[in-house]
Amino acid sequence: MSEIVDTELLVNCTILAVRRFELNSIVNTTLLGSLNRTEVVSLLSSIIDNRDNLESINEAKDFLTECLFPSPTRPYELPWEQKTIWAIIFGLMMFVAIAGNGIVLWIVTGHRSMRTVTNYFLLNLSIADLLMSSLNCVFNFIFMLNSDWPFGSIYCTINNFVANVTVSTSVFTLVAISFDRYIAIVHPLKRRTSRRKVRIILVLIWALSCVLSAPCLLYSSIMTKHYYNGKSRTVCFMMWPDGRYPTSMADYAYNLIILVLTYGIPMIVMLICYSLMGRVLWGSRSIGENTDRQMESMKSKRKVVRMFIAIVSIFAICWLPYHLFFIYAYHNNQVASTKYVQHMYLGFYWLAMSNAMVNPLIYYWMNKRFRMYFQRIICCCCVGLTRHRFDSPKSRLTNKNSSNRHTRAETKSQWKRSTMETQIQQAPVTSSCREQRSAQQQQPPGSGTNRAAVECIMERPADGSSSPLCLSINNSIGERQRVKIKYISCDEDNNPVELSPKQM
């Protein structure tokens, strides 16, 4: 060191180190000028050795290294033309991701018919993607584009924490969806996941993600690097007890654990689950599969599983290059000094973050009900119909009843002429959600004075959102009356689900 660095720089860095680590009571800086080079180097070594812990020692080493061997110029400066291109690419991606996931959030929370078990998982996935796009991607992109962190130490900690939490939550939600679909398809006789159980699962997912991301709250830090030309830059990184990237083994071990728990194991689990589901859905035909009811149920299940296979496949494709790049960079440190490393990192990071943009597009492409609501709000924004109002499930049910009045009037006379006598009673809830189904219960003639025929019309509209309505037709007075029945709706597997009054 004494042959590379001149004495004046050694003395200046020693003075800065004494002030930086508050050692004025131990070292008299006024006497440093009278020391020779060997004595100054010895003093610098003692400053490092007398630190309290390993973290403080690494901090002192980094400080003295930056002071004694500063870079001649500030590196990683992209021309403004390249910055503009990257800003446009990232800006479009973040706009689509935030807008798309925001619409999904509105669709599920604002429409009772969309609050199914599967859609609750999709809602959680959209929340994670929305947080990633707004709280992490924007700030990380600015940091990578300018190679400078201008947002301070507190948000450096928040940024690192949010990044790991949102990624972990997304992949754990995909695993939960695969388990839910697996039970529904491979073991259809088992009890389905209730909404209350889904809420508990989602809370556990967020809690586990926070636990995995806790080290980011403890070890996130910032550091300012200075250069000969007077410029400087601030970096946000993880300062572990044994140092920082790329020399820290703790940093390598933590990132390897995150890779295994949030990518390796989940991908294997989901591959197994969807393979077993595919064997059931697209494998050998079961007895009675050609019936209308079973064919309709099988077709609906295949559509849902096909959509989730697309979501998982896109997730794996988007994140694989990002993970492979960091594994390679850990074992080949010279890659950080290559000419196009910043473009490589920006490209891999954009691909990983674009997963948040693609998910809403998959919902639009492969789910009719999501597509209907997407088209409504897109049309409203494009045309400028700000006063357009979406009907609630109850108002849609009223409109459906109004449209069927003419049909009821025509069938009234037919029921008057009927010799069949039935007693007004509750109509049974049928076991399938067909487009239109009627159920009648009959009694022997002359069994009662109050005679009426009961017809239960369970008609599902195009969006599948309205509950069925059962009507009775009174023979004696020729009027229709509503029969009190349990309202049901259709879940994602095209099976009836009983609704409480709060859900109707």
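Positions of Cβ are set from backbone N, Cα and C atoms, glycine also.
Taken from Swiss-Prot, the feature topological domain 'Extracellular' covers 1-84 (among others), and the record attributes it to sequence analysis. Predicted-model confidence for the topological domain 'Extracellular' (1-84) is 66, expressed as mean pLDDT.
Within 10 Å of the C-beta of ASN12 (N-linked glycosylation site) there are 14 other C-beta atoms, taking all protein chains into account. What Swiss-Prot lists as N-linked glycosylation site is ASN12 (among others).
The annotation N-linked glycosylation site is assigned in Swiss-Prot to ASN28 (among others).
Residues or ranges marked as N-linked glycosylation site in Swiss-Prot: ASN36 (among others).
The transmembrane segment annotation in Swiss-Prot covers 85-108 (among others). Here the transmembrane segment (85-108) has long-range neighbours at 78, 114-115, 119-120, 122-123, 126-127, 129-130, 133-134, 137-138, 141, 145, 346, 350, 353-354, 356-357, 359-361, 363, 370, 373-374, 377, meaning same-chain residues at least 6 beyond its ends whose C-beta is under 8 angstroms from one of its own.
What Swiss-Prot records for 109-118 (among others) is topological domain 'Cytoplasmic'.
What Swiss-Prot lists as transmembrane segment is 119-143 (among others).
The feature topological domain 'Extracellular' is assigned by Swiss-Prot to 144-155 (among others).
Per Swiss-Prot, transmembrane segment is recorded for 156-179 (among others). Nonlocal intrachain contacts for the transmembrane segment (156-179), taken as residues 6+ away from its ends with a CB within less than 8 angstroms of a stretch CB, comprise 118, 121-122, 124-125, 128-129, 131-132, 135-136, 139-140, 149, 201-202, 205-206, 208-210, 212-213, 216-217, 220-222, 236, 238, 258, 261-263, 266, 269-270, 273-274, 308, 311-312, 315, 355.
Within its own chain, the topological domain 'Cytoplasmic' (180-199) is flanked in space by residues 115, 117-118, 120-121, 273-274, 276-277, 280-281, 301, 304-305, 308, 493, which lie at least six positions past its ends and keep a Cβ under 8 Å from the stretch. Positions annotated as topological domain 'Cytoplasmic' by Swiss-Prot, on the basis of sequence analysis: 180-199 (among others).
Annotation comment: Swiss-Prot describes 200-224 (among others) as transmembrane segment.
Annotation comment: Swiss-Prot describes 225-250 (among others) as topological domain 'Extracellular'. Assigned with DSSP, the residues of the topological domain 'Extracellular' (225-250) fall into helix, strand and coil as follows: 2 helix, 12 strand, 12 coil.
Residues annotated as transmembrane segment in Swiss-Prot: 251-275 (among others).
Residues or ranges marked as topological domain 'Cytoplasmic' in Swiss-Prot (evidence: sequence analysis): 276-308 (among others).
According to Swiss-Prot, the feature transmembrane segment maps to 309-330 (among others). Residues 170-171, 174, 178, 245-246, 252, 255, 259, 263, 267, 270, 274, 336, 344-345, 348-349, 351-352, 354-355, 358-359, 362, 366 of the same chain, all 6+ positions outside the transmembrane segment (309-330), place their C-beta atoms under 8 angstroms from a C-beta of that stretch.
Feature annotation from Swiss-Prot assigns topological domain 'Extracellular' to 331-343 (among others).
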Exercise for review: Go through 200-224, 251-275, 344-367 and flag the stretch with the largest number of C-beta pairs under 8 Å relative to the transmembrane segment (119-143).
Suggested key: 344-367
**Study point:** Long-range neighbours of the topological domain 'Extracellular' (144-155), counting only residues six or more past its ends (CB under 8 A)
**Key:** 74-78, 83, 86-87, 220-222, 233-236, 342, 345-346, 349
Review point. Can you tell me how the residues of the topological domain 'Extracellular' (144-155) break down into helix, strand and coil by DSSP?
Key: 7 helix, 0 strand, 5 coil
Review point. Other than its close neighbours in sequence, what residues sit by the transmembrane segment (344-367), given a CB gap under 8 Å and a spacing of at least six beyond its ends?
Key: 86, 89-90, 93-94, 96-97, 100-101, 103-104, 122, 125-126, 129-130, 132-133, 137, 140-141, 144-145, 170, 303, 306-307, 310-311, 314-315, 318-319, 321-322, 325, 338, 374
**Study point:** Helix, strand and coil counts within the topological domain 'Cytoplasmic' (180-199) (DSSP)
**Key:** 12 helix, 0 strand, 8 coil
Point to revise | Folded-back contacts onto the topological domain 'Extracellular' (331-343), same chain, C-beta under 8 angstroms, at least six residues removed | key: 76, 78, 82, 144, 147, 246
Review point. Per DSSP, how many helix, strand and coil residues does the topological domain 'Cytoplasmic' (109-118) have?
Key: 7 helix, 0 strand, 3 coil
